[in-house]
Amino acid sequence: MEEGKITEYNSVGSLKVQGKGGFRATSFIFGLLGLENMGFVAVMVSFGLYFSFVMGFDLSGSANTLTNLMGSTFLLSILGGFISDTYINRFHTVLIFGPFEIIAFALITIQAYYKSLQPVCLEPNCISGKKAIFFYASLCCFALGGGGVKGALPALGADQFDQKDPKEAKALGRYFNLLMFSSVIGGAFGVTFVVYVSTVKAWWKGFLISLVSITLGFIFFALGKPFFRLQQPAGSPLTRIFEVIVVAINNGKLQLPENSEELYEISEKESDSSQPKLAHTKQFRFLDKAAIHPKTGEPTPWTVCTVTQVEEVKVLTRMLPIIASTIIMNTCMAQLQTFSVAQGYRMNRFIKKFEVPAPSVPAIPLIIMCILIPIYDMVFVPFARKITKHPSGITQLQRVGVGLVLSIVSMAVAALVEIKRKHHSLKDPLHPIHLAWLGFQYSILYKTDENVEPKTKPNLGDSISLSKSVSVSGVPLLKPSESAAPMPTIDESSNGPTEEANENSAAANRG
């Protein structure tokens, strides 16, 4: 291609220009995701203890607050995806929501630093007044910023590869593997170094490191603008879906034509030739009523839909079982940040003389994944590709299925480990079992996440985010009795809270 020559990129007005797109552009996405995930994962795994030690929540209050935050974050990713599809491009969507996440970490750091902004509780869940406003404002900014970025960032990377180009289409699968890899690298650093600083040194120091990391990530991302292929908004898929449903309901009393060719479809001359049309199928016939051509007047939006538009909704409808199955899987994933951290707090956390912070247990599977993901991408995929002739080695649906089966196995393992921990604690409360026992369930669950997440994002988009919001915000994962003591006062192991934890616990119980 001659220098400066512009060729068509896709059907929504994006331009394929020499020197733009590809892995050079996505390197800025990998950098942002790694730095952002370092802070995001670190606070998610340590918030459970922070809410108990500093903010005065009991165990159930801490777990519910954290899972509600996670659910809100993933639910708001739908907003980020909607805005980037409808009003502004994905690059600018990330830059708009990014400052909210930065503000959230700034507010969290300030509240963790100043004792005057922290509640002094005589009973659990006593935060109120200006302190509560400050606290929940930071969580709202966190959910809005993190959700908006997550709704646009992965899709922006996918825009850098033209699926009509065989070489770029093949590279798209590697992009999602590298996306997961950069996320894992950032998360591994977060749950080790950042969590250690938070729980052993001071909470505000760990949050400050996360703040600096995320700020640098967004600056680095903004510098990559000259290298991105920016896709122009072409309308939200959600709007197209609702249009089909509304028109089908309005035409509910109409009779479907015997010949499906009589259903409305834009002719080849009138349509964008680069946009593929979907053939009519006989499944979900009720939706076909949205494509009944009006007898009087010209076809207009919200009065009639094309067959292709109807078939798109049918495709999504067929995906609903996959979406529903991920709700249960993400319920399992939510326990990594709540119950499993509480388990680790009551176990022997010493490796010789070094005390491992309870939220740092995910470092075990994350380190394993740092090794396995490159092996999978460079060894397994080429080998499987020769056998299956599939560009990704195995189909996306097969990877999702394996991940869902592993989520079942992980919960069975988690149950067995908890039975062992509880029985051993009752027999010998001064010598609990070692924290390493949690490594089994963490490793299997993170392998589940590795299999499901990268493969559902390009296919299901916002629907996966919705499943996460249902799973983590609607299910109380841990509900102790009303008389249960706050977590800092439970002494079930010989290794009590760290010096910082004792200080924060004492502050929370003074009064």
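Each residue, glycine too, has its Cβ placed from N, Cα and C.
Look at TrEMBL and you will find 28-53 (among others) tagged as transmembrane segment.
The transmembrane segment annotation in TrEMBL covers 65-83 (among others).
For 95-114 (among others), the entry in TrEMBL reads transmembrane segment.
The transmembrane segment annotation in TrEMBL covers 134-156 (among others). Sequence-distant contacts of the transmembrane segment (134-156), counting only residues of its own chain at least 6 positions beyond either end whose CB sits under 8 Å from a CB of the stretch, comprise 29, 32-33, 36, 40, 55, 65, 69, 72-84, 90-91, 93-94, 96-105, 107-108, 111, 117, 127, 176, 179, 228, 457-458, 461-462, 465.
What TrEMBL records for 176-197 (among others) is transmembrane segment.
The feature transmembrane segment is assigned by TrEMBL to 203-223 (among others).
Residues or ranges marked as transmembrane segment in TrEMBL: 356-376 (among others).
Residues annotated as transmembrane segment in TrEMBL: 396-417 (among others).
The region 'Disordered' annotation in TrEMBL covers 477-511.
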Report yes or no: does the transmembrane segment (203-223) come within contact of the transmembrane segment (176-197), defined as 3 or more CB pairs under 8 Å with a sequence separation of 6 or more?
yes
Lying 6 or more residues past either end of the transmembrane segment (28-53) yet within Cβ distance under 8 Å of it, the residues of that chain are 59, 61-63, 65-66, 69-70, 94, 101, 105, 108, 112, 146, 149, 153, 156-157, 178-179, 182-183, 185-187, 189-191, 194-195, 198-199, 203, 206-207, 209-211, 213-214, 216-218, 220-221, 223-224, 227-228, 336-338, 341-342, 345, 357-360, 362, 486-488, 497, 501, 504-505, 508
Which residues, given as numbers and ranges, are at least 6 beyond the ends of the transmembrane segment (356-376) yet have a Cβ under 8 Å from it?
41-42, 45-46, 48-49, 177, 180-181, 184-185, 187-188, 191-192, 195-196, 198-200, 336, 340-342, 344-345, 347, 349-350, 435-436, 438-439, 442-443, 445-447, 450, 498
